Structure formats: C-alpha cells, structure tokens
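Enquirer: Quick one: the structure is below, questions incoming.
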Amino acid sequence: MPVAGGIYYWSYRLGGEEWGPFLSWMTAWWNWMGWVCVVPGVQQGSTNFLLGAIEIAYPNATIVYKGWFAWLLTAIGMFFAMGPNIISQRVLRLYFRFATFIFFTLFLLYWIWFPAQTAMSGQFQSRAGVFNHFYNGINEGETKQASDAYTWIIGILFGAWVFYGYDASAHLAEETHDASVVVARGMWMSTLTAWVLSVPTLVIILFCLQDFDGIINATYSNNWAEYLVQTVGSKGAVAILSLLWVDSTCATASCFMSAQHVTFAISRDGVLPFSKYFRQLSKNKIPVNAAYLVCGLSIAITCAVIGSSVAFSAITATATIATNFSYLIPIIARHTVGRKTFKPAEWNLGRFSLPLGIVAVVYISFLFVVLLLPQLYPVTAETLNYAPICIGIVTIVSLVGWILPFGLGGRYWFKGPKKTIEMDDSKASGVTITEEPVRIQ
C-alpha cells in the first residue's frame with residue numbers, strides 16, 4: 001500500500017469498514033505528533049553540538065548557558081532545515097548530497113583520526129573497560145535514588161531515538177517507481193545499515209575514550225565536547241562539533257520533509273483543523289503551508305529548553321513514543337481484525353510475520369512505559385519528564401476530535417483516507433496517480 005499517508009492508510013485498510021476509520025484517525029494523530037516532535041528534537045541535538053563548539057572556542061562566553069540563546073540557535077537551525085523543503089526539488093537534492101558528504105567525512109574521522117590520535121598517546125581503553133564498565137548517573141550524592149536496573153532501562157531512550165522513523169520512506173511512496181518493493185526495501189535496508197555502521201563506530205569511540213571521570217564531570221554543556229577535547233584537542237573538537245551541527249541540521253531537514261509530507265497527507269483527508277490551508281500546494285507542487293505549520297509548531301515546542309534542564313529528553317521521548325505507538329496500531333490490526341483480508345505484497349516477511357509482530361508489540365509496549373518515567377532525580381519543575389503531558393494532550397485532542405457531537409466529530413464524516421491512487425491489491429506492485437500528489441524527489 002504505497003501512499004504518502006503511510007501507516008495511517010495502512011491502519012485504515014487493515015481495520016476494515018468497522019474499525020478502519022477510527023484506527024486510521026488515531027494513527028494519523030499519533031504519527032503526525034511524533035514527526036512534529038522529531039523535528040525540534042533533532043535540531044535541539046544539533047544546537048547542543050554548536051553550543052559545545054562555542055564553549056570551547058570562547059571559554060569566557062556566558063551567553064551559551066542562557067536558555068533563550070539555545071532556543072534562538074535552534075529556531076535559526078529550523079529555518080535552515082525548512083528552506084530546501086520549500087524552494088525546489090533541485091535544491092533539496094543538492095542539500096542531501098551535501099549532507100551525505102558531511103556524514104561520510106565524519107564517519108572517516110571517527111574510524112581513522114580517533115584511533116590514530118589515541119595510538120599516539122597510547123591510552124586505549126581496555127576491553128573490560130569498554131564492555132564491562134557500568135555507570136549509574138542518577139545515584140549521585142548520599143541518598144540512593146535509582147537502581148542500576150532502572151538506570152539501564154531509562155537509558156534505552158537514546159537507542160530508541162536513533163532507531164525510529166521507519167515509515168519515512170512510505171511518505172514518499174507516491175513519488176517512487178515500483179513503490180511496494182522499493183519503499184519496503186528502503187525501510188529494511190536503512191535500519192540494517194544504521195545498525196551495522198553505528199555499533200562498530202560506538203565501539204571505536206569507547207576504546208578511544210581517555211578520561212571517563214573527566215567526561216562525566218565536564219563543564220561543557222554536553223559531555224561529547226569534553227570527549228572530543230580529550231581525544232583530538234580543542235581545535236579538532238571545534239571542527240568536529242561544527243561539522244556535526246551542519247550534518248544534524250541536514251538530518252533535521254530530512255525529518256522535516258517527512259513531517260511536511262505527513263501534514264500534507266492528513267490535511268488532504270481533513271484530519272487537521274484548517275486542513276484546507278495546509279493541503280495547498282505551491283506552483284512547484286510543494287506543500288509550503290504544511291511546512292510553515294511544522295516549522296511554527298517545532299519552534300514553539302523548543303521553547304521548553306528555556307525553563308527545563310531535561311527538555312531535550314522530554315522532546316525526544318515524546319517523539320519516540322508517538323511514532324512507535326503509531327507503528328503499533330497497524331501491526332496489531334494486521335494480526336487481529338485484518339488477518340483475513342490482508343494480502344502480502346511482493347516484499348513480505350512470510351512465516352516470520354507473526355513472531356516478529358509479537359516481538360514488535362512487546363518492544364513498543366515496553367518502550368511506551370519506560371519513556372514516561374522520570375529521567376532525573378529528584379523530580380522538580382525543571383527536571384520533570386514532560387513526555388506524559390505531551391502524550392496525554394495529543395491523545396485527548398484526537399479522541400475529542402473523533403467524538404465531538406452535532407456532526408463535528410470525525411466519527412460522523414471521516415471514512416478513511418481519500419483515494420488518490422489506483423492499485424492492484426493482489427500484487428501491490430505499483431501505483432497510478434489519479435489525484436496529483438506533492439512531488440518531492
């Protein structure tokens with residue numbers, strides 16, 4: 001089912017006439033909320049790199065510790081990320097080619113420069129130090145605040161934050177040739193490639209670690225800056241952090257594109273308030289108004305960094321919960337209400353579909369609970385994990401929007417995504433566009 005709506009369209013098809021509209025509605029809201037939070041989350045992480053570079057280059061600058069300054073840099077980065085998504089296809093292609101170049105440059109630096117510099121100092125970590133050392137960052141002070149098990153569990157956020165957005169390829173499906181194969185392969189290969197490249201890189205970084213206690217007690221706004229100073233020196237650290245800011249801002253642009261497509265798709269189906277404005281296309285067939293909405297909401301969400309020391313964790317937790325929970329709905333529907341009507345496409349899991357589905361449901365359910373837990377102790381207004389509040393708001397809004405009386409609620413008029421393609425369900429091997437979609441290649 002290769003359409004721009006992605007998983008919320010899948011939820012509709014798998015839910016059937018009885019459950020399809022409601023499941024589609026809820027999936028749309030959760031997935032949209034997730035992607036809208038992903039954008040500021042990625043850009044806030046990018047800003048942290050830039051702040052680290054400024055701290056190293058200008059050690060006496062106190063402005064870097066101001067919440068409003070971090071917000072301003074994040075907002076500026078958001079405009080850089082939005083730019084190529086609203087200008088033209090050509091600019092967007094060049095932008096991502098540039099991002100790919102920066103990525104592989106950083107990749108080579110990690111694999112070559114770090115070990116070379118560490119070899120010169122002769123201070124590689126031992127194998128036991130890399131694979132057996134455990135640090136509980138919550139249990140600081142005289143009072144035991146959290147067990148090692150609890151600390152390990154909440155640490156899953158950072159792994160989950162990296163492995164998300166599996167549906168990104170699906171949102172470009174209407175512009176993809178042989179989408180039912182290419183999109184599915186892209187989802188699978190991107191996840192596998194990320195794992196294959198990230199694990200060895202992480203091991204290299206750990207072996208090159210110089211002073212663990214120095215990193216934990218670093219005075220910089222992020223510990224990675226201290227690690228780089230120890231490994232490649234101040235100038236090298238500034239250079240790498242600057243490249244990371246550029247690369248992460250490009251990553252924000254990629255996430256922005258997915259959020260923009262989701263916004264356009266669900267607006268095309270009337271899910272969002274004022275949908276008629278957000279589904280409009282520019283003369284270049286780009287949903288510019290959808291981009292403005294994503295940018296505006298992302299900047300508003302980023303305001304949380306002004307008064308919270310854990311805003312980044314809260315934003316990333318919200319994004320991770322929302323996107324993963326939206327994946328959960330079609331997975332469950334596939335093996336329950338849709339088990340008799342589902343017809344596998346050319347690319348499918350075969351006999352592994354049910355076992356992997358069970359694993360996915362257990363993992364996402366576990367992730368849902370874990371990411372709602374406090375990330376820091378003691379819990380105060382500044383350290384509160386705001387993810388439960390954000391998740392509660394989007395859930396209430398979506399449910400209220402569904403059950404509103406007097407014909408206003410989605411239950412009265414939303415019958416599922418509007419048909420924009422003609423597709424052979426028996427093969428699902430390609431699509432024919434019958435209503436011109438956004439064209440971003």
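These residue numbers are counts, starting from 1, taken along the chain as shown.
For all residues, glycine too, the Cβ spot is worked out from N, Cα and C.
Okay, so TrEMBL annotates it like this:
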TRANSMEM  68-87  transmembrane segment
TRANSMEM  94-113  transmembrane segment
TRANSMEM  149-166  transmembrane segment
TRANSMEM  187-207  transmembrane segment
TRANSMEM  227-246  transmembrane segment
TRANSMEM  286-307  transmembrane segment
TRANSMEM  313-333  transmembrane segment
TRANSMEM  354-374  transmembrane segment
TRANSMEM  386-409  transmembrane segment
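What's the neighbourhood like for each of these?
Expert: Counting same-chain residues at least six beyond the ends of the transmembrane segment (94-113), those with a Cβ under 8 angstroms from any Cβ of the stretch are 84, 197, 201, 204-205, 232, 236, 240, 243-244, 246-247, 250-251, 253-254.
With a cut-off of 8 Å between Cβ atoms, the residues of this chain six or more beyond the transmembrane segment (149-166) that come close are 34-35, 38, 41, 134, 136-139, 187, 190-191, 194-195, 198, 255, 258, 313, 316-317, 319-320, 323-324, 327, 367, 370-371, 373-375.
Within the same chain, residues 35-37, 39-40, 43-44, 67-68, 70-71, 74-75, 78-79, 82, 85-86, 88, 256, 259-261, 263-264, 267, 277-280, 314-315, 381-382, 386, 438-440 sit at least 6 positions outside the transmembrane segment (286-307) and bring their C-beta atoms closer than 8 Å to a C-beta of that stretch.
Tertiary proximity for the transmembrane segment (313-333) is limited to same-chain residues at least six positions away from its ends with a CB under 8 Å from its CB atoms, namely 7-8, 10-11, 14-15, 19, 23, 26-27, 30-31, 33-35, 37-38, 40-41, 44-45, 157, 160-161, 164-167, 301-302, 304, 357, 360-361, 364-365, 367-368, 371-372, 375, 384-387, 390-391, 394.
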Enquirer: Between 68-87, 227-246, 386-409, who has the most Cβ pairs under 8 Å to the transmembrane segment (354-374)?
Expert: 386-409
Enquirer: Under 8 Å between C-beta atoms and at least six residues away from its ends: which parts of the chain pack against the transmembrane segment (386-409)?
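Expert: Long-range Cβ neighbours of the transmembrane segment (386-409): 22, 25-26, 29-30, 33, 37, 304, 308, 311, 314, 317-318, 321-322, 371-372.
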